[in-house]
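Features reported for this protein in TrEMBL:
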- 20-47: transmembrane segment (TRANSMEM)
- 59-79: transmembrane segment (TRANSMEM)
- 118-140: transmembrane segment (TRANSMEM)
- 161-188: transmembrane segment (TRANSMEM)
- 257-278: transmembrane segment (TRANSMEM)
- 290-308: transmembrane segment (TRANSMEM)
- 320-340: transmembrane segment (TRANSMEM)
- 347-380: region 'Disordered' (REGION)
- 349-362: compositional bias 'Basic and acidic residues' (COMPBIAS)
- 370-380: compositional bias 'Acidic residues' (COMPBIAS)
- 401-449: region 'Disordered' (REGION)
Amino acid sequence: ALSMFATTAGLYGIPWCKKSLLLTVMMSVIGASMGILDTGGNVLALNTWGAEAGPHMQALHFSFAAGAFVAPILAKMALGGPEREDLPVVEKTNESVPTASAASAFSALKQHLGADFLWSYVVIGTYLLLVSVFFFILYSRSSSARDKSKASLQKGTLARYHYALIALLFVFFLCYVGAEVTYGSYIFTYAKVFAEMKENEAAALNSVFWGAFAACRGVAIFCAACLYPGTMIVMSIIGSAVSSSCLAFFASYPVSLWVGTAVYGASMATIFPSGISWIEQYTVVQGKSASLFVIGAALGEMCIPAVVGYLQGKFHHVPVVMYTALVTSAMTVLLFPVMYKLANSPGESDLKETSDSEDRKALLSNSGLNEDEEDEEDVGEWNEADFEVIEMNDTLRNSVVETSRKIPGDSPAKVALQPHLDDVSHDSPAVAGGSPGMKNVNADREKND
């Protein structure tokens, strides 16, 4: 909400800036607020939907692609096209200072388009102001949701190579976004200079790239519901590698240029949102991590087109744009398997749990293997104890019978032997189990008594 409110203030202030320094400040405010919005929007989507954030992330970035595709068309319709009959044409000159006719053309252009530019900024700023107010209302009513998101973040655990993954994904997004912006910015010039297309054909080729980009992001909203983010990334980097190879080596053929441009735009569409959804499955993505992703993307958007423009100026006959697309695609193809390997490496807690479970399994397996042997040994011991008790009781019975014959009545020997018989009968496990031998002993004792 705060970032969109700052963007609104910048848009309201730009039409009234009469000094270049003030205009620079306003544009910097808009750039900073949009960077915060890009970071906070991704983290907010992850915190709101968690593991089910894939389709929502694709929808979030589809809105960017749709705006990037529609905005130039609307601007061209609002401004009435690049050529107007009532405006003087600027003369081509190699001098750094504009000629008199150029100055008159600029003043006429300013007078004609001043009102349109003013109302464009006012309308867009008002729209963002309404969205900002809507987010402030959501924020005031989402205390429970914030507590829930904080609890979910506390429950999450960092990956074993968390910082290495963040650094590699930083480079991954730098290459990807740099290649995307570079191709979208220079394909018009490439089509006119190298392919020798007309202006309308070159503009159509540029529209094919951004149209395929936006359309594929729209389709990815539904694909994200049934495909894993890693699967979508693999499909995208393979498509970008194949299409960039065709563009680098076969762009002289018109069919290859048109088809390669469409496939390249479609392949580049889902990498950024899928990358954020993919890394969220393995580690905790907070504001700091997401800001690094956005910084990497912004650096790629700023540096790679500048380097390509400088090299293209040095080497006029070399299609630097196509070779840049090929090199960045190769970088993404090499980086993702490394990130996948690091993300799937077990952490310290997983290693401890694995070792503990293996120890338990080893103990249980050893005890399970010896259970039958122990049961057999126990049965053998019980049987031996039964026979020993029976033999001992038979001996005691014979001695009692002989003593009773010699000594009439209740003799001290019989009294002394009786507790021993009772102890044997109570202490023996066989007696407790009701063995047949002990039943016979008890019957003989009753007869003797």
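Just so it is clear, glycine is given a Cβ too, placed from its N, Cα and C backbone atoms.
Sequence-distant residue pairs (6 or more apart) of the transmembrane segment (290-308) and the transmembrane segment (20-47) include at least 3 whose Cβ atoms are under 8 Å, placing the two stretches in contact. Remote same-chain partners of the transmembrane segment (161-188), defined as residues 6 or more beyond its termini with a Cβ less than 8 Å from a stretch Cβ, comprise 202-203, 205-206, 209-210, 213, 240, 261, 264, 268, 271-272, 275, 279, 282-284, 289, 292-293, 295-301, 303-305, 308-309, 312, 321, 324-325, 328-329, 331-332, 335-336, 338-339, 342-343, 345. Note on the transmembrane segment (20-47): residues 2-4, 6-7, 9-11, 13-14, 53, 56-57, 60, 149, 152-153, 276-277, 280, 285-287, 290-291, 293-294, 298 of its chain, located 6 or more positions outside it, place their CB under 8 angstroms from a CB of the stretch.
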